[in-house]
Structure formats: C-alpha cells, structure tokens
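These notes concern the structure reproduced below.
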C-alpha cells in the first residue's frame, strides 16, 4: 500500500502527483507542480476554444495529420504513470469496476443516442456526438477524482480498462449506433485506436517497468506535454469548422452537449447507488466523474479520419464542456459538499438575492 498525498492506494503509481516531488515555497509549504498545472487546464481549454473561434489562424495551421501524434503524446503521459500492480484492483474489487465499466460503455452510449434524438441534432454533427459517447473515459477524470476526495485507485483502473478495451468496444458501438447512417470501417478504426492509444500506453507502461530512471527524469514534463497536445487537438477542429460552429445550427449544438454531460454525471452518480448495488459515496463520485468525462480527443481523431471534418466539432466542444464541468464538480465535492446539499445551496443563493 502506497500513499499519494493524504490518500492511500494500491500500486506504485501516483496519479495525483504524477511522481513529481513537491517543492516548497518561500513560506516552507509544499507545492505540487502537477496539481498547479492541472488546475490551469480548464482555463487553458477555455482560452484555446476562445482563441480558435475568435482568431482561427491561431490553430488553423494544425493539420489533421498532427492529431494522431498529439493524441499519442497524451496517451503516453498516461502510460508512464501505470504499473502492472495497478490492475490488481480489478480482481480485488470487481463490482465497482463492473458498474463503472457498464455506465461507461452501455449507459453513456444510450444517453448519447437519446440526446441526439431528443434535440434533433443536425446531421453534420449527430454522428460525432454519438461517437463521443462511445469512447473511453478521460485521463482528466482521475485528477477530478483526486480533487473530489473520491476513490483515486478506482478512477485509475476505470480509465485504464476503458482505454485499453476501446480498441474493440468503440468501433463495435460506433458501427452499431451510427453504421446505418455513416459507413464505419470497424477494422480500420480498431487499427487506428491500436496505433494511437494502445501502443503509446503500452510503451509508457514498459518504460515505467523497465526504465524507471529515464521515466523519473521525463515524468515531470508529461503534464505539460499532455496540456499542449490537448490544446492542439481542441483548437484545430474548432478553427477549421468555425463557420459551422458560429452558425445557428452550431449554436444549437451547445445545448445537446451540455445536456449529454450533465446527464452522464448524474447517472454516473446514481446508478451505483441503486438498492442492489449500494456503493458508498466515494465510489459513486468516482464513477460519476469517469462517466461524465470521456476521451473526446480520441473521438476527434476518429471523427476526422472516418466520419468527416464537421463531425469532429462535437468532440471539440465536449472537451471544453466536460473539463469545466468535471473539474468544477470535483472541486465542489472536494470542499465537503454533497449532491444532497445542492438544494440547500440553491435555496440560500436565491434567498440572498430576494
């Protein structure tokens, strides 16, 4: 059993601190550089989106050919944080893992299809939004779990398992849900995921196992690498499809994306708490964050390669929305608040203005 800050967890990886030694400020207080970088991510994501839409030239230079290497950089940053022992939790606590996996790959795709139908999402964006609901959990969800005082180890294993198995599950779900509307090459999509997701993660895992000295030297730079790669993956499709996004149809896309993520966070929290599962608060918070936050950067790459440029817009919008909502929710829980307290908070706020 190791220790991550004040959190105990199994395995020899620290996803909360990413293996970076804390430095001290002038007052002698410890400063976690990774945490500082991660706290900046929602602002970076928002600034990227604003820059891409206001000044498209700032990201229009990022060609589609760059998406795969950028996503590979993000996945490598995950891989070097993993160890073989991290996966032991799947065998010791199978029920929370099974529930989280089910909400990720059954509840969320059904939710994506429902949102597209209810909001009558334009054809140029519909397949991209459904594809977004079929990808793995976002690596950022594990950091949100850290902020929320949730089950960090469970967050790590859910993100890892959904990402590794996405090579099979994502192409299958995509073909099942949108194959009749947009032709989906399952084999080619699986091959793409294998190259840009599985290979970098396995490389990172191998390096963390057999080349620890090297990993310890580069690990401190990986959050910055992931941040830059995420920014490029978000900004490019927004800039290239600006005319469609700022149109009336594009504006209408915001509401389905918001509804999708909000519903995913809600269902992810309450599904584990149904009577025959009765998971505790920490597990419910973790599964909520893993369900509401997905690897939209992967969805962008796949949409660009297999569905057409406009279908990369919903995943790009999704990155912005899920980062802001997920980290805000994590901070809300991290302050000791509960879902049940939301009613009291709204009542108090409303009373103060009346």
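Backbone N, Cα and C define each Cβ position, glycine as well.
Given the structure is predicted, the values throughout are model-derived calculations rather than measurements.
For the ranges 6-24, 253-271, the feature annotated in TrEMBL as transmembrane segment maps to 253-271.
The stretch from 110-132, 152-174, 221-241, 312-333 with the most CB pairs below 8 A to the transmembrane segment (186-209) is 152-174. Contact between the transmembrane segment (110-132) and the transmembrane segment (253-271) is supported: at least 3 Cβ pairs lie under 8 Å, counting only residues 6 or more apart in sequence. The stretch with the most CB contacts under 8 Å to the transmembrane segment (221-241), chosen from 40-61, 152-174, 253-271, 312-333, is 40-61.
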